[in-house]
Amino acid sequence: MSTPKVAVIMGSDSDFEIVKKCLIALEKFGIEYDVQVISAHRNPHKIFDYATTAEDRGIEVFIAAAGKAAHLPGVIAGITPLPVIGIPIQTSFQGGLDSLLSIVQMPSGVPVATVAVNGAENAGILAAQMLSIKYPAIREKMKAFKVQLNDEVIAKNEKVQEIL
């Protein structure tokens, strides 16, 4: 079976510090990725070309990060039949509410799965969950990850109980 690949697109290189957390999550599940900086507003022809040829390059899921007038995820979702996960990037306007609403408020028929503001790690985990439907190796890593989360909470609870 081929290796799944995720396209990780940022509207600006200033988003990279946040997006790195997504890349770390994808690596944890053994998922390859292609990272690009493409602005929906400044080079729309490039995002159109990239999105329309993504399947030919083995892309199965898009993750798109954008701030302010965060149209990048929605533009990609309007072009490709592949799933798109949007990461709203925090801005000076109410902590990124502008970015969040730009991504989450999509018209009917053009969905974008949206994570929390600066929720890049969850975007990578969500992409892994999507790919785990098709790839048993990712599914096994996801199961182990969920067990680890559970065990961490149990250990934290035990520490709190010892204090009481």
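A Cβ is built for glycine as well, from the same backbone N, Cα and C atoms used for every other residue.
Note that TrEMBL annotation is computational and uncurated.
The shown structure was predicted, so the numbers you read here are calculated from the model rather than taken from an experiment.
Annotation comment: TrEMBL describes 4-153 as domain 'PurE'.
Cβ neighbours of Ser12 (substrate binding site) (same chain, under 8 Å, six or more residues apart in sequence): Val37, Ser39, Ala66, Gly67. Per TrEMBL, substrate binding site is recorded for Ser12, Asp15, Arg42.
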Substrate site, defined by Ser12, Asp15, Arg42: further same-chain residues with Cβ within 8 Å of the Cβ centre: Met10, Gly11, Asp13, Ser14, Val37, Ser39, Ala66, Gly67
Chain-internal residues near Asp15 (substrate binding site), provided their CB is under 8 angstroms and they sit 6+ positions away: Ala65, Ala66, Gly67, Ile87, Ile89
For the domain 'PurE' (4-153), the number of residues DSSP places in helix, strand and coil: 78 helix, 29 strand, 43 coil
